Structure formats: C-alpha cells, structure tokens
C-alpha cells in the first residue's frame with residue numbers, strides 16, 4: 001500500500017554530560033532507532049537528532065574535582081557518548097550539545113518571547129544556601145524527605161518515588177549534597193515561568209488521545225493537585241547560559257535542555273545550508289511530526305513545562321511523547337557490586353550491538369513497562385531466534401545453491417501461496433513497528449521463521465540432493481528457502497542493521513519494504529559466509545566480571561552491601577520507638593493476579609489478621625512454601641491502598657532485591673503478636 005511521505009523529527013532524551021552511557025540509556029536509543037529505521041524504510045523523511053545535556057551544577061562541580069574546565073569535560077564526554085551510540089548503530093543525523101551557540105540563541109529567544117507575553121514573573125525567594133561552600137544549592141544538590149509521600153533521600157526538585165515536583169525549601173530535614181551541612185535560608189531574586197496560565201491548553205492536549213494512557217492518567221493527577229509557577233533561574237556560580245539583562249542569574253538546566261532538541265536541529269540545518277527546514281518543522285502551524293522518546297522519570301518536564309514553553313513562545317508542540325520504563329538486570333536494579341551496572345562500551349567489548357538491539361526489541365511494547373535484561377534468557381533467545389531460526393534458514397539452503405547451481409536461484413517459486421503468506425504479513429508487522437508494539441512484531445516474524453524452517457524440513461533438500469534427476473526440485477526448494485529468508489530479514493532490518501548488511505551482501509540486493517513483493521527469481525546470490533555466531537554464557541560471565549573490575553578501578557575498593565546501600569543518618573531512640581515491630585505467622589501466601597512482583601500474605605498477629613502485599617515474588621516463586629513460617633512485620637504502618645487491595649503493614653526482608661531478598665524470621669519460640677524490642 002502506497003503511503004504519503006511524512007516529515008518527521010525524532011529525538012531521544014539528552015544524556016547528561018557527566019557520566020558514561022550504560023545499558024539503561026541504550027533501551028531508549030535502541031527503541032527510537034528501530035522506529036526511525038522503519039519510518040525510513042517506508043519512505044518518510046526522518047530527521048533523528050540528539051545532544052548532550054551539558055549544563056548545571058553537577059557538571060561544574062565534577063569538572064572542579066577533575067581539575068579541568070567544564071568545557072573540556074563536556075567535550076570529552078560528548079566524544080565518548082557519540083562513540084558508544086555509533087557502536088550500537090544508532091542512526092543519528094546529528095548529535096550536538098546544549099552548550100552551543102544555537103542553543104544559547106534559541107534559549108534567549110524563547111525566554112524573551114515568554115517575557116514579552118507576560119509569562120515570566122519576578123519575585124524574591126528564600127533559598128537554601130550552603131554556609132560551608134558559600135553557594136546557593138540547586139535542586140539536585142539538596143537531599144531530604146519528600147514533602148508529598150515522605151520518602152527519604154530524595155532530591156530537591158522532584159521525588160523519584162511518587163513523581164512529585166516541589167521547591168528545595170519544601171524538603172523535610174534537607175542536607176547539602178556538596179558538604180553535608182544543614183543549609184540555611186537566604187533571599188534571592190528569581191524568575192518564574194507562569195505554568196498555571198497554560199493549564200487549560202495542557203488539559204486539552206492531554207485529552208486529545210495522542211498520549212499514552214498511563215501518561216495522560218499521571219498528568220490528570222498533576223492537574224488535580226494544581227500546577228505551580230516554575231523557577232527557571234539559578235544563582236552564580238553556575239555552568240550554563242546567563243539570563244539576558246540579569247547579571248549573576250542563569251537559566252535552570254531544565255529550561256535550556258529541551259531547547260537542545262531545537263538547537264541540535266538548527267545545527268543540522270546549518271550544516272546542510274538549509275535555511276528553510278527549521279521554521280518548517282518548528283513554526284506554530286507546522287504539519288511536520290515531532291516525537292520525543294523519553295523515560296518515565298522525566299515525563300513531568302516534557303508533558304507540562306516543555307509544551308507550555310513552546311506554546312507561550314509561539315512554537316509548535318510535540319505530536320507525541322513516547323515514554324518507556326526502566327531497565328533491570330536479572331530481575332533487580334542494576335548493581336555495580338554485582339557487575340550488572342554495564343556500560344555501553346563494556347558491552348561492545350563482549351557482544352555485538354545487534355544482540356542487545358534484538359533482545360530489547362523483543363521485549364518492548366507501547367506501554368511504560370520496565371524491561372528486564374535476564375542475561376541467561378538473553379543468550380538463549382539470541383541463539384534460538386537469530387541463529388537457529390533466521391540465519392540457519394539461509395545457511396541450510398545457500399550451500400546447495402552455491403555448489404550445485406553456481407549461486408543462481410530458480411526462475412519460479414516452488415510455493416507461491418507460502419510466499420504470499422509471508423508478504424501478506426507486511427501489514428500486521430508494519431503496523432506493529434509503527435505503533436511501537438515491537439514485541440508483537442518480533443513474535444509475528446519468528447512465527448514466520450518457524451513456518452519457513454518447517455517448509456525446509458518437510459522438503460528435505462539434503463535428501464533430494466542425493467536423488468538423481470531432481471536438480472530442478474532441489475534448486476526450487478532451496479531458492480524458496482532463500483526467498484523466505486529475504487522476507488524475514490527485510491522485516492528485521494530496523495532491528496539488526498549489521499546482520500542486514502551481511503545478508504544484503506549474500507543476497508546481492510538491497511532489502512526494501514516494498515521490494516519483497518517481487519521474489520528473487522533467476523537471481524545470482526554471492527557465496528555464503530557465516531552471518532552470525534552463537535553466543536554463550538562464558539561471554540556473559542566475562543562481561544559481568546569486566547563491569548566489576550571497572551567499578552573497582554573507578555572507585556574505592558570497598559564493595560558489598562554497605563557500599564551499595566550506605567547506613568542512613570543517625571536517628572534517636574524516640575524515633576525508633578515509634579515503629580511497632582511484631583512477630584507474625586504467615587497463614588496464607590499467594591500470587592497477585594496482574595502483578596509479577598507481589599505476593600499477597602495473610603498474617604496472624606495473635607488475635608488479629610492482616611492482609612499485606614509484599615514485593616518478594618521473585619525470591620519466593622513457590623508462595624506455598626511460606627505458609628506456616630514466622631516473620632517480622634511493621635504493625636503500625638498506615639494502611640496503603642493499592643491497585644490490588646489494601647496493604648495493612650509491611651513484612652521485613654533483607655537483600656538488594658529481585659531474587660536476592662530474604663524474609664526475616666525470629667528464633668524458635670517467638671509467638672505471633674510478640675513485640676520486637
């Protein structure tokens with residue numbers, strides 16, 4: 001079906017320029033790249049851009065620690081980031097930096113328009129100040145307890161647990177991250193963006209149906225709690241752009257960071273001597289499409305502040321936000337001590353890029369779900385799918401074609417109806433790529449691969465090859481297998497760019513989406529060379545060990561639970577006495593339908609029953625084994641309403657998480673209801 005060519009601008013969230021790219025970052029960049037490559041295959045004009053987020057106090061302080069200028073540090077980090085993305089074959093048209101002249105000009109332009117339109121407000125605020133370091137403390141350099149959900153150890157601008165945003169002065173028991181000192185209050189004039197003025201527009205945008213349901217629901221919560229004016233200025237010393245006509249005041253990093261999307265595209269247009277496209281893509285009434293691939297941790301900034309800034313400065317809003325979840329490794333948060341905090345460059349020293357691209361793609365959907373990189377499953381899936389199903393289809397047929405027919409395929413299809421089944425799948429698979437239902441696309445493709453291999457098994461060319469007078473049958477069977485391989489590789493081209501290059505070299509033709517409608521008949525292929533090698537767990541072991549060694553080299557040689565989870569600040573005996581710990585008997589334990597993390601526990605406190613949800617399913621895959629066991633619970637924790645019911649307390653467990661978590665039990669003789677003292 002012929003499609004009308006679209007103009008599309010695609011971005012990934014800008015990596016912060018004070019650290020290396022790791023496998024968590026790569027999920028987003030791979031997801032976006034697969035989608036972009038598919039769009040290009042369908043004939044659309046796609047500009048795929050990114051940049052380093054290069055401003056802020058963390059950059060300034062790290063450069064000071066290294067004894068170099070911030071400019072030198074971000075320059076070196078940009079080269080490292082670009083090398084990593086190139087290693088994973090992320091097909092950016094441009095990779096720039098927010099510390100650029102284009103970004104400065106655009107930041108000042110947007111700010112001036114917002115100010116002219118009455119959306120910038122000035123007022124004096126009381127701000128946290130580090131008396132030991134002699135500096136105002138930016139949001140991320142204050143930590144304390146979230147004022148909304150009371151989660152400890154949260155940054156000064158937003159809570160990573162509940163997603164709330166707030167002022168650093170709202171933190172409970174704040175501490176300076178720089179010195180550990182308790183901050184004091186000092187007055188300073190700041191500039192605020194009047195976000196509440198855009199509430200009606202943002203709510204209409206939310207209800208348009210374009211956003212993911214989970215994003216729209218979260219935004220509705222923020223609307224109900226009320227939008228607040230947003231502080232867009234920071235005091236010197238600060239590494240960033242100084243605000244025009246405001247000496248000593250700088251744009252907050254989150255103001256100029258998303259403008260970096262525009263800056264990178266402007267830089268690309270200038271490189272092309274293109275004076276038209278920037279306005280064509282960013283003007284208010286643009287018909288081009290604009291998509292931001294982002295993680296769920298920065299939805300607030302992209303769904304509220306960014307579209308409001310664009311609206312208030314007379315630029316177009318994003319067409320959509322494509323939001324993804326986090327990456328876990330082996331069922332747990334990435335851990336430096338366990339060697340599962342893996343840098344992109346370390347991965348490429350042990351595996352190829354296509355393997356991770358395939359595994360992530362096979363697990364991704366359009367939902368905001370976390371993705372688990374199970375390294376054992378990774379090895380099994382890559383070998384089973386890429387090697388055994390796809391590549392093997394070519395190798396088991398190519399030998400006969402090369403040796404017996406000088407590489408020339410048959411002039412007719414052996415099974416036209418089977419070939420039509422494969423090409424008819426283009427609509428379903430294409431729609432899955434388009435809608436970011438990547439896992440569905442992979443399942444459809446692998447089902448076809450099974451069908452193709454079943455055909456070859458049934459036709460048994462190795463038997464036909466030994467039978468006199470059946471050369472034509474042999475050529476037809478093997479040509480059919482190679483044509484089916486071509487269709488499969490065409491569908492997988494957005495995912496496996498390097499394997500695609502090798503497949504195209506063998507097939508002696510470029511793989512195009514529409515090209516599969518015409519099979520390769522009477523076509524000469526090149527001599528077959530191994531397309532892909534099997535992988536094994538020894539490579540995984542080497543990868544994990546290398547990651548551990550990198551951590552040792554980069555930090556103090558202290559490893560273990562205390563290194564991963566340092567002891568919290570001292571509390572008083574009175575604080576501890578508020579927590580009522582009791583012995584509880586586990587009367588029943590069962591899975592929670594709809595959750596892959598929770599168990600539902602029925603606890604007997606010696607006269608009172610409690611229903612508790614606990615995230616220990618990975619560690620206890622057989623919940624029945626817990627029945628009859630004694631454990632320790634927090635008995636006076638306020639009940640918490642969850643999607644699955646109300647949790648009436650918390651059981652105590654130790655360990656880093658995932659499968660490595662251990663339920664606490666008292667010594668023999670302890671009875672349900674006994675208080676822990």
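Cβ from N, Cα, C; glycine included.
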Matching 4-14, 15-25 to Swiss-Prot annotations, motif ''HIGH' region' lands on 15-25
Where Swiss-Prot places motif ''KMSKS' region' among the ranges 333-337, 338-342, 343-347, 348-352: 333-337
Cβ-Cβ distance under 8 Å to residue 146 (Zn(2+) binding site), same chain, at least six residues away: 152, 154, 159, 161, 162, 164, 166, 171, 172
Compute the C-alpha separation of residue 336 (ATP binding site) from residue 149 (Zn(2+) binding site), stating it in Å without decimals. 28
I'd like the number of other C-beta atoms within 10 A of the C-beta of residue 162 (Zn(2+) binding site), please. 13
Number of Cβ atoms other than its own within 10 Å, given for residue 149 (Zn(2+) binding site): 12
When you measure from the Cβ of residue 336 (ATP binding site), how many other Cβ atoms are you left with inside 10 Å? 18
